[in-house]
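Read through the structure below, which is laid out as structure tokens, and then see the notes.
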Amino acid sequence: MMTRAFELDASDPLSDYRQRFTLPDGVIYLDGNSLGALPTATPAAMARVVENEWGEGLIRSWNDADWFEMGGRIGAKIAPLIGAQPDEVIACDTVSVNLFKLISAALAMRPGRKVILSEPGNFPTDIYMIEGLERQGLAVQRLASRGRITEALDDDVALLMLTHAHYKTGELFDMAAMTKAAHDAGALVLWDLSHSTGAMPVDLNGVDADFATGCGYKYLCGGPGAPAFAYVAERHHAGLAQPLTGWFGHARPFAFSDEYEAAPGIEQLQCGTSPILGLAALEVGVDLIAEIGVDRLYAKSQALSEFFLECMAAHGMSLELVSPSQSDERGSQLSFRHENAYGLCQALIARGVIGDFRDPDILRLGFAPAYLRFEDMAEAARHLAEVFAGEEWRREEFNRRAAVT
Ligand SMILES: *Cc1c(COP(=O)(O)O)cnc(C)c1O
């Protein structure tokens, strides 16, 4: 398989982009879906912001270095990756906080309806954020499994909130069909794009989506805890009312007025002062991913995961695949079920193959297409086969749980 891998790498139009990332020697990084790799340009960009803009410019940099516009500027760069207009997206806060603002905004736009519909097993924070609003008496949570969502859309539902690519299995929702079903029932739609943005094209305008949010530190390579982004369709800007009415969402923050007046556009989604250092790192990642382009990234991600499965088959491996077997029905990952997925994952990490474990029995391998090679696929499959042949996953040292898995 190695010869084939080298051939595929030689004809890969994205192969040069690997040099634009700093990856440690001896590591095959299959967890870019959890924390994206470091773009080589990030440290210098950060140093410039810290030393020049902060150190020298001090407070003047809010104007001189355009810090004030940064969230909107980066949002406009994320927009084409997700099929949005530049003024519909802003980089701010975390996905969790953006969910809170957008769910609340949706509830305000659907008076008389309180149900937020999602699926069981959605990413925990998505469900927890509904729960928090429920505790305040502001929302009612309803969870329906994939096949049952359409029938659960009755006229109590204010918002259908789903994650496009499932974090555990990579299974995709048909965004167009689900959005239409929700609209037909008089509900709004909020898409969590955390596992799609930067790995595959998304067309928010094309499917007529109302709201979306997504992660900056996964495929966008913005660094640990990078700011997230939020999208609101332009048709909703005039009627938008989100509850975190901080001064950065004010129409004129520096008027220092006693009355809150929401900014007319997407800036209303901002709450407190923008995290400039985090945004500076995020911008480098977004620029790089945008330069490569999401269509090419998605094509390569599908080719990588298909090749990985071929390599596993060549080693005679048959782990239970919980991701869809058709590459166009999944995001940029493959997840396998195993009774000791934790030990399996640790044994791989000890060999330099970094994937992750998702409770209780899932080994998750992410294929970030911007910096992985076909060679890495062949090598990772070989390590997996060896871990199995030697039953390394049984070893005691691989079965002690750390806090972050
Ligand atoms: C990673 C991820 C998040 C992260 O939320 P934060 O509040 O930014 O930590 C949310 N939703 C999904 C689906 C994710 O995969």
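Cβ from N, Cα, C; glycine included.
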Candidate from S96, S104, S145 that TrEMBL assigns to the same pyridoxal 5'-phosphate site as F123, P124, T125, D126, T163, D192, H195, Y217, W247, T273: S96
D192 (pyridoxal 5'-phosphate binding site) to K218 (N6-(pyridoxal phosphate)lysine) - Cα separation in whole Å: 13
Binding-site residues: S96, T273 - member with fewest neighbouring CB atoms within 10 Å: T273
Coarse DSSP state, helix versus strand versus coil, of P124 (pyridoxal 5'-phosphate binding site): helix
Binding-site residues (P124, D126, D192), the one with most neighbouring Cβ atoms at 10 Å: D192
Cα-Cα distance, maximum over S96, F123, P124, T125, D126, T163, D192, H195, Y217, W247, T273, record's pyridoxal 5'-phosphate binders, Å: 30
